[in-house]
Structure formats: structure tokens, C-alpha cells
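**Student:** Per Swiss-Prot, signal peptide is recorded for 1-22. Residues or ranges marked as domain 'Chitin-binding type-1' by Swiss-Prot: 23-64. Here Swiss-Prot flags CYS25-CYS40, CYS34-CYS46, CYS39-CYS53, CYS58-CYS62, CYS93-CYS156, CYS168-CYS176, CYS275-CYS307 as disulfide bond. Look at Swiss-Prot and you will find PRO66, PRO68 tagged as 4-hydroxyproline, backed by similarity to another entry. Taken from Swiss-Prot, the feature active site, proton donor covers GLU138, and the record attributes it to similarity to another entry.
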Amino acid sequence: MRLSEFTTLFLLFSVLLLSASAEQCGSQAGGALCASGLCCSKFGWCGNTNEYCGPGNCQSQCPGGPGPSGDLGGVISNSMFDQMLNHRNDNACQGKNNFYSYNAFVTAAGSFPGFGTTGDITARKREIAAFLAQTSHETTGGWPTAPDGPYAWGYCFLREQGSPGDYCTPSSQWPCAPGRKYFGRGPIQISHNYNYGPCGRAIGVDLLNNPDLVATDPVISFKSAIWFWMTPQSPKPSCHDVITGRWQPSGADQAANRVPGFGVITNIINGGLECGHGSDSRVQDRIGFYRRYCGILGVSPGENLDCGNQRSFGNGLLVDIM
């Protein structure tokens, strides 16, 4: 064999060897997914054994989570989730011991087609950033001079702080159970019997009789928040439809300055208290979380982040714990 032919074969073999050794999936491979239903390990390799799929070893396409067509691993990895919520397991937080885990989040998301999987990669990343930002504000344990800044302390609390009431509104459709209280719980701090009832029905759990499941079962906890996010409550659109660009404001919305963007989501969640009166520290806190999370995911936050000049849709359905 001539020297030139040997050199060519050697170079070809080297290229193939390097290609074979490159990471295959997840954050190490630009969000790529594994084929044939394989798990993506925390190191970026595809496989089907415990080293790839086991708790703590799997970053995406994990057992119990959504499949390749609806997987969140291409949008947010376990390590990104931990970076965003890096103080959620602080000793001062109710959610310590990893209650709000990545696996619980991904598992819950699998029950809601379209969540974090609608549109192009920019739209998907913005939805995850917006969801985690709004829920981080609702559960934050941060303060202005907190270590790593105020926007690193989301998902600290499980239950509404202080001495909340029972949040029971007389209802024949969603009757309050004796001795049960419907104060804020979980990532979105869902409150009131008229929210616990339909949420429980949607996710297949009796939350009217067992409201504290939202603060004791991690998957149910995330499901309660994603249910609220995905569900329109007239005249409000769903948060999902707003952030993915599916919502088109009506004439009444435009007259109220309610235009597509993160600000309308704040209006949906707690506009009766936070929107329509100029600058509000709670709104700015939500925006601060959103900007930070968009930065981690490598996407711009878009426009219309504030709701200071928007008229509210009506009274907020949730309790604000700030």
C-alpha cells in the first residue's frame, strides 16, 4: 500500500473514532434526543440500563417521563433545572430533600400534551422559562441580598406562609370537605375549592378531600401547576396559549393594553393585585426570574414583559405569597 493511501485511511479512521466518541444526546449534544426509546444519561450517552435510565443517572427521556415526541430534555436538562432552582433544597426551605425534583417535573409534564413541546425551540424554551419564573415567584424564599441573588431561590416553599384561612367558597359543584383548607400549595400556590375541585378532576385525584396531596406528592404538586398553566378560565386565555403565540388579543384586550408577552401571564395569574397601576415590585420579581431563566436556556425573553399599563382580567384566582 502506498504511503498516501495509508495516510488517507488513517485520517478516515481517526474521524470515525472521534465521531463515535462524541456525546450523543442532551445538553452535551445541543439537546439531541436518543433514538429507539433509549434514555439519555447525565453524561450525554444513550442506553437502556440503570447507568443511563436510573434515578440520578438520567437527564432526559427517562422512565416515567414523556417519550421522544414530547420530551423536555431537549429544552431543559437536569443540570439546567438545578442551576435555575439552586437553593430549593436549602435547609430553610420547606421543599428541601429534593421535593421539587427534575424527574417529578418531567413526569408531571408528560400528562399535558403540548407543554414545553409546542412550536420551535425558542418557543419551547420561553414556555419553560416563563412557567418556572412565575412559579418561582410564587414559592420564592429569596430576598434582595440573598446568596446568588434573589432569583436563585425559587421553589423554596410548599405551602402558603403565615396563617392562611380555609379559602372555602360555598359551591354545590365543588363543595368543601369538612375540616379541609384550600390555601395556596405547590408551585403555583393553587388556592380555593373552586380551583382544587376541577384540578383534581382533570388529573384524576380527589383534591377536595385531599388538598394536601399538592404539598406532599411531588408529581401531583407539579401537575396542579401545569394544569393551571394549560387551562383557560374565561375571559382569560391559558398561560400556555399566550407564551406559545396561540392567543390573539380581542378588541377588548387591545383596549386594555393586554398584548402578547410575559406580562399578560402575570395578569392571568394575579392581575387583580399586581397589574394596571404602574411599577409593582412583585411584577418586577417575576420578570427578574424570567430574565435569569431565559439566560440559562439561551433564549431572549421577548417583548411586553410588564403589566403595569394593562387593565386586569379580573380578580386573581391564586393567592400571592409574597
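Think of each number as a place in line: the chain as shown, counted from 1.
In case you wondered, yes, glycine gets a Cβ from its N, Cα and C as well.
From a predicted model like this one, the values you see are computed outputs, not experimental measurements.
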**Student:** Can you give me the Cα-Cα distance between CYS176 (disulfide bond) and GLU138 (active site, proton donor) in Å, rounded to a whole number?
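**Tutor:** That comes out at 24 Å between the alpha carbons.
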**Student:** Using Cα coordinates, what distance in whole Å links CYS168 (disulfide bond) and CYS25 (disulfide bond)?
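**Tutor:** On Cα coordinates alone, these residues lie 48 Å apart.
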**Student:** Among the disulfide-bonded residues listed here, CYS25, CYS40, whose Cβ has the fewest other Cβ atoms inside 10 Å?
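**Tutor:** Output over disulfide-bonded residues CYS25, CYS40: least Cβ neighbours within 10 Å is CYS25.
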**Student:** DSSP secondary structure for CYS307 (disulfide bond), reduced to helix/strand/coil, please.
**Tutor:** coil
**Student:** Sort the disulfide-bonded residues CYS58, CYS93, CYS156, CYS307 by C-alpha distance from CYS40 (disulfide bond) and give me just the closest.
**Tutor:** CYS58
**Student:** Taking each of CYS25, CYS46, CYS93, GLU138, CYS156, CYS275 in turn, which of these recorded positions have a Cα lying within 10 angstroms of the Cα of CYS53 (disulfide bond)?
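**Tutor:** Of CYS25, CYS46, CYS93, GLU138, CYS156, CYS275, within range: CYS46.
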**Student:** Tell me the coarse DSSP state (helix, strand, coil) of CYS58 (disulfide bond).
**Tutor:** strand
